[in-house]
Amino acid sequence: MLELTTQDIQLQQHFANKQAAIQGLAHALTAKGLVAEGYAQGMLNREAQHSTYLGNGIAIPHGTTDTRELVKQTGVTAMHFPQGLDWGDGNLVYVAIGIAAKSDEHLGILKQLTRVLSADGVEQALQQAKTAQQIIAIIKGEAQLTADFDASLIQLQFPASDMVQMSAVAGGLLKNTGCAENEFVADLVTKAPTHLGRGLWLVASDRAVKRTGMSIVTTANHCEYEQQAVKALIAFSVCNDVHQPLLNTITQCVFEQKQDQLLQADVQQLLNLFSGNAEQTIAQRTIAVGTITEETIAAETVAEPDSARAHTATFRIKNSHGLHARPGAMLVAEAKKFESNIRVSNLDGDGQVVNAKSLMKVIALGVKHNHQLQFTAEGPDAEAALQALGVAINAGLGEG
């Protein structure tokens, strides 16, 4: 059976319009010896008759019955358009598969496509794919498109008395649902959780992870960690980026100081809270398929800036309690207003450089009163971003 392989896919393609893209696909089919000259016109004629857009960011340009004699051998070629290509009627295509069909051997690929056309998150995953292997996995339905989170990953009012117990239970839930193995649980209990405010904590690990998932554990007992209240722990097992929609919900709760909404929710309310944000995020095309390392857990990663084009600014934090959840969220919200890649380091800390648009990473910098933050921005609005961040910091990040 004919199958799409990694050798068939051309990444990072850019065309002015779909007609130019179709001609590019026809040229690739010709170069592979699959079709004779003139097949491109047949593909264009077919597109003029009826759009070959299937849905979920996928199109399948092919010839007409009149051009079948130009097909030397049944085969395919594919192109990836990370910026999206207008295919008409408001449809954006991220992967176009050019088909040269001499018989019905190509039906296997079409059968694969029908399985992903109705799946949530496919279009966003194709947009964000970085490798041919990722695209193949998406088309075959093998890629994880959403993080695992259901009632089996929620444990409310567990009688825990310390953070080790909380981490063990949270890790156990992820292990028992097939997201991770025993080594993950052992690693999780050694991690130092991040306090998100009002007794809500977060911890994550990518050790021995099979699927990305999230668990939530609340405690029925009085519990403290580093002299701060512990009411709930959110744990992530991470092997790709599909947990980002869940992190967006958490970030929004912290930014709006609505941790209590999460802490007081029952199982169904928690499921509704996180599924609602996932749907919104899908609509905004933020789901990504990729890998994540231990150093980038719970953070959106950005490329290292080019020092020749980057802009740098240093600001001193005036907040008496440093960057805890509220001012930290305000800082991240300001950074997210800009397109530029923005990284930040605490010059009075360990000097680690992190993504300024990730609340978890910013809080983890341990910024205290009078610490200096150095921001590096690269992009079309880099100078404006640094200026706005300076204004926000000098204004107290919502704390006056």
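Cβ from N, Cα, C; glycine included.
Per Swiss-Prot, domain 'PTS EIIA type-2' is recorded for 2-142, and the stated evidence type is sequence analysis.
The phosphohistidine annotation in Swiss-Prot covers HIS62 (among others). Applying an 8 A CB threshold to same-chain residues 6+ apart, the list for HIS62 (phosphohistidine) reads MET43, ARG46, THR52, GLY98, ILE99, ALA100, ALA101.
DSSP assigns HIS62 (phosphohistidine) to a strand segment in the three-state reduction. The feature active site, tele-phosphohistidine intermediate is assigned by Swiss-Prot to HIS62.
Residues or ranges marked as domain 'HPr' in Swiss-Prot (evidence: sequence analysis): 310-400.
Positions annotated as phosphohistidine by Swiss-Prot, on the basis of similarity to another entry: HIS324 (among others).
Residues annotated as active site, pros-phosphohistidine intermediate in Swiss-Prot, with sequence analysis given as evidence: HIS324.
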Overall pLDDT for the domain 'HPr' (310-400), taken as the rounded mean: 87
